[in-house]
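> Checked TrEMBL, it gives:
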REGION    1-174  region 'Disordered'
COMPBIAS  11-26  compositional bias 'Pro residues'
COMPBIAS  41-51  compositional bias 'Polar residues'
COMPBIAS  56-71  compositional bias 'Basic and acidic residues'
COMPBIAS  72-81  compositional bias 'Low complexity'
COMPBIAS  91-112  compositional bias 'Low complexity'
COMPBIAS  126-139  compositional bias 'Basic and acidic residues'
COMPBIAS  152-164  compositional bias 'Gly residues'
TRANSMEM  215-234  transmembrane segment
TRANSMEM  240-258  transmembrane segment
TRANSMEM  265-283  transmembrane segment
TRANSMEM  303-322  transmembrane segment
TRANSMEM  329-347  transmembrane segment
TRANSMEM  353-374  transmembrane segment
TRANSMEM  386-405  transmembrane segment
TRANSMEM  550-571  transmembrane segment
TRANSMEM  577-596  transmembrane segment
TRANSMEM  608-626  transmembrane segment
TRANSMEM  663-683  transmembrane segment
Amino acid sequence: MSGSDPKARPKPGPWPPAPDASPLPPATWAKKTGFRPKFSGETNASDSGQISLPPRPREHRDAQPDLEAGRGRPAPASAVPSPAPTPSPAPAAVAVPAPPSGRAGAGAAPAVNGGTETVVPPSANNKKDQSVKRRRDSDGGGGGAHRKLPSGGNGGANGQGNSEGGARRATRNDEVIDVLPQEDEGFPARHSHMKYELRDTPGLVPIGFYGLQHYLSMLGSLILIPLVIVPAMGGSQEDTSMVVSTVLFISGVTTLLHTSFGSRLPLIQGPSFVFLAPALAIINSPEFQGLNGNHFKHIMKRLQGAVVIASAFQTILGYSGLMSIILRLINPVVVAPTIAAVGLSFYSYGFPLVGTCIEIGAVQILFVIIFSLYLRKISVFGHRIFLIYAVPLALGITWAMAFLLTETGAYSYKGCNANIPASNIISEHCRKRISRMKFCRVDTSRALTSSPWFRFPYPLQWGTPVFEWKMAVLMCVVSIISSVDSVGSYHASSLLVASRPPTPGVLSRGIGLEGLCSVLAGLWGTGTGSTTLTENVHTLAVTKMGSRRAVELGACILIVLSLVGKVGGFIASIPLVMVAALLCFMWAMLTALGLSNLRYSEAGSSRNIIIVGLSLFFSLSVPAYFQQYGISPNSNSSVPSYFQPYVVASHGPIRTTFGGLNYFLNTLLSLHMVVAFIMAVILDNTVPGSRQERGVYVWSDAETARREPAVAKDYELPFRVGRLFRWVKWVGL
């Protein structure tokens with residue numbers, strides 16, 4: 001490169017002999033299909049599947065408005081205007097037409113739709129690269145030996161790129177195709193927006209700060225599920241505190257395992273909302289309705305057994321290579337309605353419970369909306385604190401407000417006690433106000449005072465798991481939905497932080513390890529399986545921290561906090577109405593993140609619109625039929641109204657002579673995500689449509705990944721563990 005500083009980056013070469021051109025696949029799926037973007041803003045990708053910006057003239061790229069900051073970036077004075085690309089041949093001194101094979105020359109940007117691009121010296125981009133420490137391999141290797149060069153040039157001598165090897169490197173690393181950039185906090189172009197990438201190690205202090213920030217921004221996803229399922233099982237506040245501590249411990253351990261031996265992407269593992277609906281269905285099974293006293297451990301042991309069997313099934317699905325086959329059926333048009341249905345399925349729980357103390361719950365929702373939307377552009381020391389910490393900030397402010405109302409006597413009623421069961425209250429005055437005392441006061445919980453300072457979560461702490469086939473098979477089906485959720489998260493996060501998307505083998509390896517992590521969650525007794533948190537992709541895009549080390553250090557901090565019993569007790573003392581208010585926001589976010597997968601397809605295609613619409617509608621309508629079948633409108637039930645959709649096993653329309661089969665089918669078809677997945681898979685794989693219209697996920701080719709040092713170092717296993725998997729080609733690079 002003529003304008004680059006030779007001291008700023010390692011010198012290229014010596015390069016091994018380049019392989020023949022014939023084995024290399026076409027550079028992009030767009031070239032395979034002749035795709036011309038018409039509908040979606042997410043139009044094209046490079047050969048790695050990475051979203052890239054075109055090599056525009058310098059002045060236009062710098063003056064492009066920042067949609068998050070709400071202002072345009074001023075163009076530097078040194079910017080030199082470049083002529084716009086034209087279809088007609090341009091002089092060789094300023095532009096080079098694309099070769100017939102589709103590979104761009106080393107010194108020129110690739111042609112778009114037969115046009116040409118003006119070469120812009122990349123020296124101006126080196127200043128930003130020099131401000132961040134050189135990438136080092138997270139496992140001790142030399143990650144700095146291979147760095148992605150700015151678009152518009154590559155490592156050819158003096159920027160000319162006459163050698164064959166230079167041309168090939170330009171194709172694999174620097175080739176870009178005309179796209180419409182997405183610069184909001186969705187899935188931005190990685191090299192333009194991320195502060196730290198996958199193998200960057202900026203230092204202990206930044207890593208600790210960003211790691212803790214990563215987990216705080218996802219606080220709701222980590223702690224809210226135990227606050228829902230433990231009271232539903234009849235557990236006490238002490239039980240809730242212990243389950244919360246267990247969830248924090250398992251999340252930290254499984255995250256370390258996944259970033260080391262799974263997909264190796266900076267993705268947090270934790271309790272998934274995918275497992276929440278079937279867990280509630282099992283909790284509200286008919287055989288548990290007649291139990292007296294605290295039946296928390298009785299139900300938890302059966303829930304653990306179902307999770308362990310389903311997790312073992314997911315492990316086999318991943319490590320056997322079956323996941324690589326199922327990938328052919330899983331595309332964005334399938335992932336989008338399936339994950340969206342997970343968030344939409346809990347509408348009966350969200351606001352009805354918020355309404356039990358509307359002045360607290362509604363204010364909580366309002367704060368989250370204001371912080372995450374109206375104040376999202378406000379930066380403090382370069383960090384958008386209101387956008388990143390919307391959930392913990394809203395929780396803290398609302399909790400303080402509720403505490404002041406409780407202390408001032410707003411919810412004190414003479415002669416009434418919130419700890420007395422409603423069935424034992426004689427006074428009609430107290431009976432009317434027992435709901436407000438129970439849900440609005442913040443001093444009704446004894447979880448914090450009763451929690452020990454130190455407690456180590458251990459396996460089988462609730463007893464030996466009990467295995468029942470009808471519950472286990474139900475969870476096995478849900479584990480497939482969990483794998484579909486992870487597929488979308490792997491692809492979206494890799495576009496942000498990695499050099500290329502993972503190979504199908506790496507993806508299968510990640511799914512297999514997620515199954516092993518869920519086995520640990522079942523043995524320790526978290527109540528749900530462990531999987532990649534979908535909200536993690538949004539957190540990566542917002543915090544712009546993609547360092548694997550930051551997530552790992554944050555996981556270590558989480559493990560330490562899980563050993564402090566008071567932390568679990570403090571979280572368990574969150575008033576239930578605030579939990580419901582936060583869940584309204586979290587489930588809405590989950591729905592939006594699921595639908596955002598449509599950006600990889602032609603979102604305006606009538607084919608995709610109809611498929612997604614049918615999948616979402618029937619995912620709500622069919623379960624509603626099963627949930628409401630045989631229920632009288634005026635029937636009295638001891639089950640709270642927000643748990644009514646999960647008692648379908650006792651009254652569903654399927655009534656054969658086999659009670660276990662009735663339980664399985666009635667419960668399965670009452671789960672919204674299962675119906676959405678079945679509809680989307682059948683329609684997307686039977687209705688004709690081109691690859692670009694369907695938005696087929698682009699995964700890295702295994703042979704190409706092994707030849708590229710950056711891809712190999714992103715996904716290879718540490719400590720030479722990968723050598724053990726060389727004979728298992730479907731779970732390696």
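Every residue, even glycine, has its Cβ placed from backbone N, Cα and C.
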> Quickly jot the same-chain residues contacting the transmembrane segment (240-258) by Cβ under 8 Å, restricted to those at least six beyond its ends, or write none.
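Non-local partners: 222-223, 225-227, 230-231, 264, 267-271, 447, 450-451, 455, 457, 461, 510, 513-514, 516-517, 520-521, 524-527, 530, 532, 551-552, 554-559, 561-563, 565, 567-569, 571-572.
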> Any residues 6+ beyond the ends of the transmembrane segment (663-683) with a Cβ under 8 Å from its own?
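For the transmembrane segment (663-683), the far contacts come to 274, 277-278, 281, 285, 329-330, 333-334, 336-342, 344-345, 470, 473-474, 477-478, 480-481, 484, 611-612, 614-616, 618-620, 622-623, 626-627, 645-646, 648-649, 652-654.
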> Report, as numbers and ranges, every residue of the chain located at least six residues beyond the transmembrane segment (577-596) whose Cβ falls under 8 Å of a Cβ in that stretch; write 'none' if there are none.
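186-187, 220-221, 224, 227-228, 273, 335-344, 346-347, 349-351, 353-354, 356-357, 360-362, 364-365, 368-369, 372, 390-391, 394-395, 398-399, 402, 439-440, 488, 492, 534-535, 537-538, 612.
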> Take the C-beta pairs under 8 A between the transmembrane segment (265-283) and each of 215-234, 329-347, 353-374, 386-405, 550-571. Which stretch has the highest count?
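Counting Cβ pairs under 8 Å, the winner is 215-234.
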> Taking residues 6+ outside the transmembrane segment (215-234), which of them lie with a CB under 8 Å of any CB in it?
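For the transmembrane segment (215-234), the sequence-distant neighbours (Cβ-Cβ under 8 Å, at least 6 residues beyond its ends) are 240, 243-244, 247-248, 251, 268, 270-271, 273, 276, 279-280, 283-284, 291, 293-296, 299-300, 303, 349, 388-389, 391-392, 395, 526-528, 533, 535-536, 539, 542-543, 554, 557-558, 571-572, 574, 576, 579, 582-583, 585-586, 643.
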> Between 329-347, 386-405, 550-571, 608-626, who has the most Cβ pairs under 8 Å to the transmembrane segment (353-374)?
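Ranking 329-347, 386-405, 550-571, 608-626 by Cβ pairs under 8 Å to the transmembrane segment (353-374) puts 386-405 first.
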> For the transmembrane segment (608-626), which partner among 329-347, 386-405, 550-571 gives the most CB pairs under 8 Å?
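Answer, by Cβ pair count: 329-347.
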> Counting only residues 6 or more past its boundaries, what in the same chain has a CB within less than 8 Å of a CB in the transmembrane segment (550-571)?
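Distant Cβ neighbours of the transmembrane segment (550-571) are 196, 206-208, 210-212, 214-215, 223, 227, 241-246, 248-249, 251-253, 255-256, 259-260, 266-268, 447-457.
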> Take the transmembrane segment (329-347) and find every residue of the same chain, 6 or more past its ends, with a Cβ under 8 Å from one of its Cβ atoms.
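Those are 273-274, 276-277, 481, 484-485, 487-488, 534, 583, 587-601, 608, 611-612, 615-616, 619-620, 623, 671-673, 675-677, 679-681, 684-685, 694-697, in sequence order.
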